[in-house]
Amino acid sequence: MMSGKHFKAHEVSCCIKYFIFGFNIIFWLLGVAFLGIGLWAWSEKGVLSNISSITDLGGFDPVWLFLVVGGVMFILGFAGCIGALRENSFLLKFFSVFLGIIFFLELTAGVLAFVFKDWIKDQLNFFINNNIRAYRDDIDLQNLIDFTQEYWECCGAFGADDWNLNIYFNCTDSNPSREKCGVPFSCCTKDPAEDVINTQCGYDIRAKAVSEQRTFIYIKGCVPQFEKWLQDNLTVVAGIFIGIALLQMNVVPSDVWKLLPRMNQTCGVLQFFFGGLD
């Protein structure tokens, strides 16, 4: 009877070990994929051959999202995967502490966003306007802005006139651009009957009266539309954040560190299969 309990304990600890290993190898592979996409995008834009061009873009380069997220996932996945497989307490502790730091930062960001809502709104306005200025400077940024305006049916940060910040779309007399006093096509209201996107639909639109503009483009800005979207989807957003938090809190239970060092090399078929890697 004692031997049965002994075997069961090792079987449970083996399952925990390979659950952590399997979870983190997927996490690690996703990190590799994100890094690969980011580096490929930079290679296509010639950034890798001219590193100094990283700082040339006035706005936000979306590739940074892939690189930062991919880098974090790669480090976490590697530490958790090797730590579980090799029963390395240092890597497991690093993995757990790293997750704890990320969870703390997420919690802090959530509290600060709730307390300083007006400041966050101002920063979001500044961020969007800064990227409006750099709209034509980077194709990835351009696609991100177009997607945002189409998805939230908005134009500019607080309205279409924010596009005066862009040298190609401003309404000044000295602007020689054909897009003068216009907006990007992503600001235009969609006609279901049109199969092909009219990329010139926003030309000269802001030279018209606001009452006429409503017929052709979205009048509302992206900041208020984002706020409305958050309010309409608050339950979903909260559920996602709570789910991520629970995953981070439970992915490496504290008793795993106690179980892993006590595991022997005979905990079943999985141990035999991966024995060569140990």
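Positions of Cβ are set from backbone N, Cα and C atoms, glycine also.
Residues or ranges marked as disulfide bond in TrEMBL: Cys154-Cys187, Cys155-Cys171. Annotated transmembrane segment per TrEMBL: 21-43, 63-85, 97-116, in sequence order.
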Distance check, please: Cα of Cys154 (disulfide bond) against Cα of Cys171 (disulfide bond), rounded to an integer number of angstrom. 20
Near Cys187 (disulfide bond), which residues of its chain come within a Cβ-Cβ distance under 8 Å, counting only those 6 or more away in sequence? Gln149, Cys154, Cys155, Gly156, Ala160, Trp163, Gly202, Ile205, Ile217, Tyr218
Which residues of the same chain, at least 6 positions away in sequence, have a Cβ lying under 8 Å from the Cβ of Cys171 (disulfide bond)? Asn164, Lys180, Cys181, Arg206, Ala207
Surrounding CB atoms that lie within 10 Å of the CB of Cys155 (disulfide bond), all protein chains: 28
Provide the number of Cβ atoms within 10 Å of the Cβ of Cys154 (disulfide bond), excluding the reference atom itself. 27
